[in-house]
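Q: What TrEMBL records for B:Cys38, B:Cys46 is [4Fe-4S] cluster 1 binding site. The annotation [4Fe-4S] cluster 2 binding site is assigned in TrEMBL to B:Cys47, B:Cys50, B:Cys55, B:Cys70. Annotated [Ni-4Fe-4S] cluster binding site per TrEMBL: B:His259, B:Cys295, B:Cys333, B:Cys451, B:Cys481, B:Cys522, in sequence order.
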Amino acid sequence: MNLFQTIFTGSKQALAAAEGIVKKAVEEKGRDHKVAFPDTAYSLPVIYAATGKKITTVAELEGALDIVRSLIVEEEMLDKALNSGLATAVAAEIVEAAKYVLSDAPYSEPCVGFVSDPIIRSLGVPLVTGDIPGVAVVLGECPDAESAAKVIKDYQSKGIMTFLVGKVIDQAIEGNVKMGLDLRVVPLGYDVTSVIHVVTVAIRAALIFGGVKPGNLAEVLQYCSDRVPAFVNAFGPLSELVVSCGAGAIALGFPVITDQTVTEVPTLLLTQKDYDKVVKTSLEARKIKIKVTEIPIPVAFAAAFEGERIRKND
Amino acid sequence: MSEKVLSIDKTTLDMLDKAKKDGVETAWDRKEALKAPCGFGAAGVCCRNCTMGPCRVSPVPGKGAERGICGATADVIVSRNYARMVAGGTAAHSDHGRSICLDLYHTSPDGDIKVKDEKKLMKVAARFGVKTEGRDIYEIAHELAATGLQDYGRQFGEPCLPPTLPEKRREIWRKLGIYPRAVDREIASVMHASHIGCTADAESMIKIAMRCSLTDGWMGSYMATEFSDIMFGTPKARHTEANLGVLEDNQVNIVLHGHEPTLSEMIVAAAELPEMIELAKSVGADGINLCGMCCTANEATMRHGVKLAGNFMQQELAVVTGAVEALVVDVQCIFPALAKLSESYHTKFITTSPKARIKGSTFIELDEEDRMGSAKKIITEAIMNFKNRDRSKVMIPELKSEAEVGYSVEQILNKLDGVVNSHIGPMQSAKPLADVIVAGVIRGAAGVVGCNNPKNVHDEGHIEVIKGLIKNDIIVVVTGCSAQAAAKHGLLRKEARELAGPGLKKVCELVDIPPVLHMGSCVDISRILELVGTTANHLGVDMSDLPVVGVAPEYMSEKAIAIGTYVVTSGIDTWLGVVPPVTGGPEVVDILTNRIEEWVGAKFFVEPDPHKTVEQIVARVNEKRKKLGI
């Protein structure tokens, strides 16, 4: 299957999944049931940024499926493929919102799920000052915990904010990566759709710090591309759904670096099979330059360790 | 002159008005005066290959005379005429290549022509099997020239074809019996086979023509380009301006027209000499303004950013501005009408090559022993002519466009390096181009080339085809008069990416290039072969597998016929915007537009409507993508 068809297929799968879970929400909670993510003034941020409309009820959530449908135009042109990626993002947000409808606490330790507004505001200053030089989204599964930990710890030591999605969370735990917002390693969730919680971080950055008006999608995408130094590392076998999520990332200006053999697109979708080079490759792809003053000490040293707590057993 | 719109270029229309007022004739007037062209010639069914004739047979099968006196059928006559056009085109390009080889053979460290690009010399020498290690640069250059020259007249063994030619393609040619031998031999072979009483089988005749054309694209033109780069430098991206508005009001305007860069390189160098500039000032001019036309312009602009005055159909109009002191020409595509036309103005029409003497012109031969001396003499003639400019007759159009030129394969690979992640690599490879094509971000690539032809609205075919293709995310490379049409209409600017489809626009932004890349003169179409071949080799496929096409929207010359033939024979579908004189031979039409695909995986399409051309190309590109599974 060619790349564009893979993306379209994944988007249609995302749509089907969203339709399924929304149907379930309608059946279990009714169309009038409230829809909201915790601690946010931006409703469903992706949909809000794209359309300027806030989703408040399950009925409106059901109506939002039309946004997904309208974004999937199966014509093999780049803009259509990127829109299809955005469709997947919207579908993912619908799925995640439905999770919060169906359960009061859909996420539990170690996963954090939705990232609240206050946290984003707290990230704003270090992002602007470059104290957080980049945002890594690591998703999927590495061949082993060791390589996963190596990559994540490398980002951590560079002060990069890393969000984890999928089995790589367990691998990070196994690899003794210390996690937490203060430590700049945040596990989001095990489902691919939970990646949307980092997408909304970028999108809310555009709304909060960029002052972009909701509904001005082109400007939101431009802000993310110019100002949010994020990138994606997709490890392990890539489903059509993940590839179409990747197209969404590319629409936001975030390059995708994978360890799989894919149809590469220069600077945007790259294959790097050598785990020792993943970090360097990713930073170069996102044009992130880190000023390094290496202090020859036996432990890792970075701002990311500032909030670290030394427990008795340590 | 009819009221039909003749050109989409405003300067052309303005100058045509002036020509009318000045009472001088142009190619368009002459076309009008010729009235309806002969239907027998237009269909290719007129033969003059012996004195039993001329014979003309009916272009309609089963009606009228079906055979010539010797018994040749319409298909035989058409195929022989077609083959001779291919031979004519191949001969023109190849003699150009030969001159360049000879120039390389005569390079010396203190001569007028030196080796400028050592790196390219080493690369090309290696492909010709010339040893380079520890040797003097000029020793290498001379041996390379001698080795290259052998392939023009080689009688034994196989010629040296570049490594960019995929192995699968070589095999196809071998199986088909059209693997090229020596350049001159194939030209002679066509002339022999098309003599009365020889080949009388259209299929065989076309194959002989195909074999001949290959000695052009992959040998004559290829060597002309490579060796020109060695001597004069490999083109790099640079800025220039295009259209008749580049002529300057108070400068000595010298227009270089023709093909071989040897002449233009010398003139460019001589025009920069302080003594020449002083001389120009002494006659009251602000300086010397060099402009180019046709392929000489392309050569000079690719390497020096010399301004492009215009393309083929504008050559007379440059004179009509009344502001050209000298029109300096060498060979190919030079209207002999310029001699008579320049009598009506102060313009000196200077011919320089013994291969193209034109009655009524001033002949100043480019002296092999003292090229710089000849160049200075030519420029001096122009400068001294400045005082003869009749200001009341001068009208320089204000219109000109910015353009970026200089996209040799080397420059393209350098640009592509800019999007390669240094931790993944490799550098200096066609991988990024192959990647975006495979991914579908760019749907395909098209080489838009060729001439102008008064049968078509001047420049319309070029511009509409190019615009249509880039809009559909098909990246366009241009050469020849097509490149100048694109330059004049602003399509060679980076800003033109706004006219491109979303994928191509993105690629242009990332790589920092215009959506239309000027790759040079007509012999530089070999650069396109090099790029396509390199991409095919990278992907491990044949050229006919790639979603790549060639288009000649307004072609006119035999060179264009030879080019089209070698492009198709190389596996690239080719669209012709002018109907070639083959319509009287049903089998020949069937071969060129149908059967040839079974042989070489590509065929000719004839479509005078540029918009339909674009539709057909998009459909064909998608078909090829599907076959390749991308």
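Including glycine, each Cβ sits where the backbone N, Cα and C put it.
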Q: I'd like to know which of these binding-site residues, B:Cys47, B:Cys50, B:Cys55, is least surrounded, judged by other CB atoms within 10 A.
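A: Output over binding-site residues B:Cys47, B:Cys50, B:Cys55: least Cβ neighbours within 10 Å is B:Cys50.
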Q: Rounded to an integer, what is the Cα-Cα distance in Å between B:Cys38 ([4Fe-4S] cluster 1 binding site) and B:Cys47 ([4Fe-4S] cluster 2 binding site)?
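A: Here the two Cα atoms lie 13 Å apart.
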Q: Which secondary structure state does DSSP assign to B:Cys47 ([4Fe-4S] cluster 2 binding site), in the simple three-class scheme?
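A: Assignment for B:Cys47 ([4Fe-4S] cluster 2 binding site) reads strand.
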Q: Say you check the Cα of B:Cys50 ([4Fe-4S] cluster 2 binding site) against those of the binding-site residues B:His259, B:Cys333, B:Cys481, B:Cys522; which is nearest?
A: B:Cys333
Q: Near the Cβ of B:Cys451 ([Ni-4Fe-4S] cluster binding site), how many other Cβ atoms are there if near means within 10 Å?
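A: Cβ-Cβ neighbours of B:Cys451 ([Ni-4Fe-4S] cluster binding site) within 10 Å number 24.
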Q: Return the single residue from the binding-site residues list (B:Cys38, B:Cys46, B:Cys70, B:Cys333, B:Cys481) that has the minimum number of other CB atoms within 10 Å.
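A: Among the binding-site residues B:Cys38, B:Cys46, B:Cys70, B:Cys333, B:Cys481, the lowest count of other Cβ atoms within 10 Å belongs to B:Cys38.
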Q: Out of the binding-site residues listed (B:Cys46, B:Cys295, B:Cys522), which are within 10 Å of B:Cys55 ([4Fe-4S] cluster 2 binding site), Cα to Cα?
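A: The binding-site residues passing the 10 Å Cα test are B:Cys46.
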Q: Just jot down the residues in the same chain as B:Cys295 ([Ni-4Fe-4S] cluster binding site), at least 6 apart in sequence, with C-beta under 8 A of its C-beta; none if empty.
A: B:Gly258, B:His259, B:Gln332, B:Cys333, B:Gly480, B:Ser521, B:Cys522, B:Val523
Q: Other than B:Cys47, B:Cys50, B:Cys55, B:Cys70, which residues of the chain come within 8 Å of the [4Fe-4S] cluster 2 site, judged by Cβ distance to the Cβ centroid of those residues?
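A: Output for this site, in sequence order: B:Arg48, B:Asn49, B:Met52, B:Gly53, B:Pro54, B:Gly68, B:Ile69, B:Ala72, B:Ile77, B:Ile196.
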Q: So, in DSSP terms, is B:Cys295 ([Ni-4Fe-4S] cluster binding site) helix, strand, or coil?
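A: DSSP assigns B:Cys295 ([Ni-4Fe-4S] cluster binding site) to helix.
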Q: May I ask for the distance between B:Cys451 ([Ni-4Fe-4S] cluster binding site) and B:Cys70 ([4Fe-4S] cluster 2 binding site), taken between their Cα atoms and rounded to an integer number of Å?
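A: Per the Cα atoms, B:Cys451 ([Ni-4Fe-4S] cluster binding site) and B:Cys70 ([4Fe-4S] cluster 2 binding site) stand 35 Å apart.
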